[in-house]
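A.B. asks: Dropping a structure here in structure tokens format, bear with me for questions.
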Amino acid sequence: MKKLLMGNEAIALGALRAGVSIVTGYPGTPSTEILETIAREAKVSGSRASRAYIEWSVNEKAALELAAGAACSGARVLVTMKQVGLNVASDPLMSLNYLGVSGGMVVAVADDPGPISSQTEQDTRRFGLYAKIPVFDPSTPEEAYLMIADAYNWSERYGRPVILRPTTRVCHSYASVEILPDLPQKPPAGFDKAEGRWVIFPNLSYRSHIKIEEGLVKMGEGFSAYFGNQLIGDKAPAEEGDDPVQAPTLGIATGGVSYAYAMEFLDPLPPQAKLLKVGTFPFPASLALKFLNGLDEVLVVEELDPVIEDELVRLCGINQLKITIRGKRSGDMPNAGENALASVGEKIESFLKRKIWVNISDLDKEELPETTLSASGLSPAFASLSEVPPAALAAAAAAAAVASGPPPPEAPPLPVRPPVLCAGCPHRGSFFAVKEAVRKYAKGRKAVFSGDIGCYTLGNAQPLDMVDTCLCMGAGITMAQGINRAEALKGNSDSLNFAFIGDSTFFHTGIPGIVNAVYNKADIIIVVLDNFTTAMTGNQPHPGMGRNVLGADAEKISIPAVISALGVKAIEKVNPFDIKTADLAVKSLIEKSGVRAIVFEGPCIAVSKSVSPCIVDTAKCTGCQSCIKKLGCPAISIQPVSAGAKLKALIDPVLCTGCGICKEICAFGAIGGAAL
Ligand code: SF4
Ligand code: SF4
């Protein structure tokens, strides 16, 4: 059955056909109708869309993070935005590529050449190359409808998000699209803690980077055989006895809507030309090399950045091919604005009628601008480092040494310090209180703990093990919403989703996530870990502290008051060192539903005064090790009080701040203050 569809409608129906179950986005021309179409379809009883979760998020970052939480729970997700919205979502997207996904994620980013309704003429293909994320670039609504299903398959095959990048004329043009049967749809598998796989730590990022690079090479190879990339008019050499074949010497490389324009003039293709259509990135280099074989000149027809052009120039350089590449860089094509049917036709016509060979080596060196010679940073007087007289180099080195002063004394070797929350850290009490409350009151409900960026990410370490996800600043609150939505789609409607966030991160990007949760009726527990400072970066002030960078008084913004003003009704405020009170506060929130919050207020040890250290009464200590196994405070160790004696807990008085949390853990009353 064929249906007349706008490009954005085709993308929406293509995503539903592919089994998308979570759809988020922020409106922006030319992308808006994608999500609107799915919302309209959701009103049709029994439709796939009616079973999906759909929301307009508070911004593109929140939309992407929520979808990331769902994609980490195995759901196929779609996030929609325009190109400038990608700037807002770039923080989570860049990191998510390193973290990976288990359900397919397509980020539909509509570019706006012209621009017609945007501040910039950004090219999302370039963003994809920069972010190391594959990009699918459809040329028509029909192609977009088919391509999005492939985009999900590629996303799941490589476990990474992918971008679908239509441009205005693909989004807003109409075409008759063949509607195909729905593809099989799997319910989300649900969130799997998978040994910290979803927490982005530097060593994970390093390993992921290697995998990403390997994946990009494989994808580039695979894309050479993908239907979105086409080589048209390539002729096999004549066999003996056959009529001689006129080998094309001119090539036209194009992609996106420019391909559709070009084909208006090139169908049938003249015998002297062949055509390369590029619909995916990483660039299909093998196919492009086949295209370049035997050509003298290539005209590149594309909108926005010279992305295809640059790739072809690079390929020619690597393979030492003497081919003139004409496009934006050569001044043959406009470097701004939209392409149009007439302008593309004019350029192609002119290209096919003429053939001008300009070889850079034929130009006199004097004609090159001075900047070419000085591009290395050397004075134009020297073309390379080898031409600089040794005396001049020695003088420059001596001058640099004088300017930088005497070398600093060698630093002593640093002690090995495992990544763990400090002794006396208030976050230890907060994590412990939540963990214990979940153990006692969750009654078998699945609990997932989303973390955020800050020293409290270390709450993921044993024995606390309280951070299941960490993506980027402010993402904990939104990821918790996504995981909760995916669990609900799986049929688990009572999952407990906690979102931990520090005070500085709360002000950085946490607030929009709360607005999103309240507006979209989420079911999560927000846990603010307020330690009265920006601890991880060196105790800088933030808006909740009442002083500014100069130490002068500033308006002190109350975190509980902000949360309340955002519409959260159930809010608790507790001292993380008072475990019993905190336990009851968390219990009361577990028993409620909707968006609720608890604010733990306790100072970082770097800004608070240490009291007398605690000590262990070895006569009472049974050596049960509960204080170690439950808390993981680095001040507590276990060792024999004398050679061969039974193991007892020991508190290091240098490290212990006297916070007293361990006193509440010990069931034998063996830990007390210094006066014990
Ligand atoms: S009182 Fe206990 S938990 Fe607190 S710092 Fe000292 S040893 Fe660690
Ligand atoms: S101090 Fe208490 S909790 Fe720690 S090992 Fe001794 S008895 Fe067990």
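Quick reminder: no glycine exception, Cβ is built from N, Cα and C everywhere.
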A.B. asks: Which of CYS624, CYS633 shares the [4Fe-4S] cluster 2 site with CYS656, CYS659, CYS662 per TrEMBL?
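C.D. replies: [4Fe-4S] cluster 2 site check in TrEMBL: besides CYS656, CYS659, CYS662, the record includes CYS633 out of CYS624, CYS633.
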A.B. asks: Please state which member of CYS604, CYS614, CYS666 TrEMBL lists alongside CYS621, CYS624, CYS627 for binding [4Fe-4S] cluster 1.
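C.D. replies: It is CYS666, as the record lists it for that site.
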A.B. asks: Quick one: of CYS633, CYS656, CYS659, CYS662, which binding-site residues lie within 10 angstroms of CYS627 ([4Fe-4S] cluster 1 binding site), measuring between C-alpha atoms? Sequence order, please.
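C.D. replies: So far as Cα distances go, the binding-site residues lying within 10 Å of CYS627 ([4Fe-4S] cluster 1 binding site) are CYS633, CYS662.
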A.B. asks: From the Cα of CYS633 ([4Fe-4S] cluster 2 binding site) across to the Cα of CYS621 ([4Fe-4S] cluster 1 binding site), what is the distance in angstrom?
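C.D. replies: That comes out at 17 Å between the alpha carbons.
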A.B. asks: Rounded to the nearest Å, what's the C-alpha distance separating CYS633 ([4Fe-4S] cluster 2 binding site) and CYS666 ([4Fe-4S] cluster 1 binding site)? Just drop the number here, would you?
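C.D. replies: Their Cα atoms are separated by 13 Å.
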A.B. asks: List every residue in the same chain as CYS666 ([4Fe-4S] cluster 1 binding site), at least 6 positions away in sequence, whose Cβ is under 8 Å from its Cβ.
C.D. replies: CYS621, SER626, CYS627
A.B. asks: What residues, ordered by sequence, lie under 8 A Cβ-to-Cβ from CYS662 ([4Fe-4S] cluster 2 binding site) and sit at least six positions away in the same chain?
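C.D. replies: Counting only residues 6 or more apart in sequence, the Cβ neighbours of CYS662 ([4Fe-4S] cluster 2 binding site) under 8 Å are CYS614, CYS627, LEU631, CYS633, ILE636, ILE651, ILE671.
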A.B. asks: Taking each of the binding-site residues CYS621, CYS633, CYS659 in turn and counting other Cβ atoms within 10 Å of its Cβ, which one has the fewest?
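C.D. replies: So among CYS621, CYS633, CYS659, the binding-site residues given, the one with the fewest Cβ atoms within 10 Å is CYS621.
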A.B. asks: Determine which residues of the same chain, besides CYS621, CYS624, CYS627, CYS666, have their CB within 8 A of the center of the CB atoms at the recorded [4Fe-4S] cluster 1 site, and list them by sequence.
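C.D. replies: Leaving out the recorded residues gives VAL616, THR622, GLY623, GLN625, SER626, ALA649, CYS662, ILE665, ALA667, PHE668, ALA670, ILE671.
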A.B. asks: Would you kindly give the Cα-Cα distance separating CYS624 ([4Fe-4S] cluster 1 binding site) and CYS656 ([4Fe-4S] cluster 2 binding site), rounded to the nearest Å?
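C.D. replies: Cα to Cα, CYS656 ([4Fe-4S] cluster 2 binding site) and CYS624 ([4Fe-4S] cluster 1 binding site) are separated by 20 Å.
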